[in-house]
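Undergrad: Heads up, here are the entries from Swiss-Prot:
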| type | residues | note |
| --- | --- | --- |
| DOMAIN | 1-131 | domain 'MGS-like' |
| BINDING | HIS8, LYS12, THR34, GLY35, THR36, THR37, SER54, GLY55, HIS87 | substrate binding site |
| ACT_SITE | ASP60 | active site, proton donor/acceptor |
Amino acid sequence: MKIALIAHDKKKDDMVSFAYAYKPIFEQHELFATGTTGLRVMEATGLAVTRYQSGPLGGDQEIGAMIAKNALDMVIFFRDPLTAQPHEPDVNALLRLCDVYAIPLATNMASAEMLMHALNRGDLDYRKFRK
């Protein structure tokens, strides 16, 4: 499966910890990420990650384009709900695309853990047939 990892600045440490904790599962899948998030995950875990621009420079839109092309199966986006983001319209557009195309989306660690367990059990294998 193809999984996107995105984290706002104050959530990047959480994403790195999450990726490290679930490294055995992530190793079985293809990972994509916005710039700094992808770099930090790669450096901390050794996982292969295809990196796009940082979110404010268009990375959220690049990942959104993948969703619109049915080229992503899951998005894990650790958002910082307490800090205003300069690219909030891009963030909202990405979340909307996940809804439009029925892409599983987690926006915090608790929901991301649920998705990872579902992924590991094969509960998301239906995505293979939506291509």
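Each Cβ is built from the backbone N, Cα and C atoms, and glycine gets one as well.
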Undergrad: Out of THR34, SER54, which of the binding-site residues is least crowded by other Cβ atoms within 10 Å?
TA: SER54
Undergrad: Would you give the longest CA-CA distance, in whole angstrom, between residues of HIS8, LYS12, THR34, GLY35, THR36, THR37, SER54, GLY55, HIS87, the set recorded as binding substrate?
TA: 17
Undergrad: Tell me, roughly as an integer, the mean pLDDT over the domain 'MGS-like' (1-131).
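TA: For the domain 'MGS-like' (1-131), the model's average pLDDT rounds to 95.
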Undergrad: Give the helix, strand or coil assignment DSSP yields for THR34 (substrate binding site).
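TA: Where THR34 (substrate binding site) sits, the three-state DSSP reduction gives coil.
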Undergrad: Measuring Cα to Cα, tell me the gap between the residue listed as 'active site, proton donor/acceptor' and THR34 (substrate binding site) in whole angstrom.
TA: 7
Undergrad: Tally of helix, strand and coil residues over the domain 'MGS-like' (1-131) according to DSSP?
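TA: Residue counts for the domain 'MGS-like' (1-131) by secondary structure: 73 helix, 20 strand, 38 coil.
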Undergrad: Starting from the Cβ of the residue listed as 'active site, proton donor/acceptor', draw a 10 Å sphere and report how many other Cβ atoms land inside it.
TA: 28
Undergrad: Quiz question: given the binding-site residues HIS8, THR36, HIS87, which has the greatest number of C-beta atoms lying within 10 angstroms of its own C-beta?
TA: HIS8
Undergrad: Residues other than HIS8, LYS12, THR34, GLY35, THR36, THR37, SER54, GLY55, HIS87 within 8 Å, Cβ to Cβ centroid, of the substrate site?
TA: ILE6, ALA7, ASP9, PRO56, GLY59
